[in-house]
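Inspection log for the structure reproduced underneath, given as structure tokens.
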Amino acid sequence: MTILKKMKQKEKEMRLLILGLDNAGKTTILKRFNGEEVNTISPTLGFNIKTLEHRGYKLNFWDVGGQKSLRSFWRNYFESTDGLIWVVDSADKRRLEDCCRELHSLLAEEMLAGATLLVFANKQDLPGALTAEEIKDVMQLETIKTHHWRIIS
């Protein structure tokens with residue numbers, strides 16, 4: 001979480017928006033981070049909010065559903081966002097182009113200017129999953145010059 005230190009040194013509260021295509025694992029990541037059970041997770045219809053304390057920071061996570069029908073509503077959650085966590089299903093190669101297009105479209109949004117980007121290459125345990133390095137290349141992350149970004153898996 002060293003990326004947090006770069007965001008707002010003086011402020012100890014941050015709003016983090018978790019987005020990605022449907023079935024990428026956004027809610028699972030949030031629940032695991034919070035130490036919750038992840039045995040049964042259904043699609044997020046709307047959003048989940050969790051506030052966690054981590055290393056002296058109060059982190060307000062907004063986990064928003066990724067279904068195509070909900071994506072037009074994403075911009076309703078952009079205001080005051082300090083960090084964007086973009087979750088990628090590393091094993092779903094057929095949707096990576098759509099995933100890339102959605103991410104780059106988001107980064108052009110004025111209300112997300114200044115937000116730090118963390119790309120989470122999820123589902124690394126599945127057969128055929130692309131590595132974080134491969135995801136970085138396919139999603140053209142090196143072309144992002146408007147936001148500080150990092151990719152993890």
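All positions are counted from 1 along the displayed chain.
Note that Cβ sites are derived from N, Cα and C of the backbone, with glycine treated the same way.
Taken straight from TrEMBL:
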{"type": "BINDING", "residues": "GLY20, LEU21, ASP22, ASN23, ALA24, GLY25, LYS26, THR27, GLY66, ASN122, LYS123, GLN124, ASP125", "note": "GTP binding site"}
{"type": "BINDING", "residues": "THR27, THR44", "note": "Mg(2+) binding site"}
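Only GLY66, from the binding-site residues GLY20, ALA24, GLY66, LYS123, ASP125, place their Cα within 10 Å of the Cα belonging to THR44 (Mg(2+) binding site). Long-range neighbours of LYS123 (GTP binding site) (same chain, six or more residues apart, CB within less than 8 Å of its CB): GLY25, ASP89, SER90, ALA91, ASP92, ALA129. Around THR44 (Mg(2+) binding site), a 10 Å sphere centred on its CB holds 18 further CB atoms from the protein chains shown. Taken residue by residue with DSSP, GLY20 (GTP binding site) is part of a strand. Neighbour count (other Cβ atoms within 10 Å of the Cβ, all protein chains): 26 for LYS26 (GTP binding site).
Sequence-distant neighbours of THR27 (Mg(2+) binding site): residues of the same chain at least 6 apart with a C-beta under 8 Å from its C-beta are ILE41, THR44, ASN48, ASP63. Residues GLY20, LEU21, ASP22, ASN23, ALA24, GLY25, LYS26, THR27, GLY66, ASN122, LYS123, GLN124, ASP125 are recorded as binding GTP; their most distant pair of Cα atoms lies 21 Å apart. Here ASP125 (GTP binding site) comes close to no residue that lies at least six apart in sequence on the same chain with a C-beta under 8 angstroms from its C-beta.
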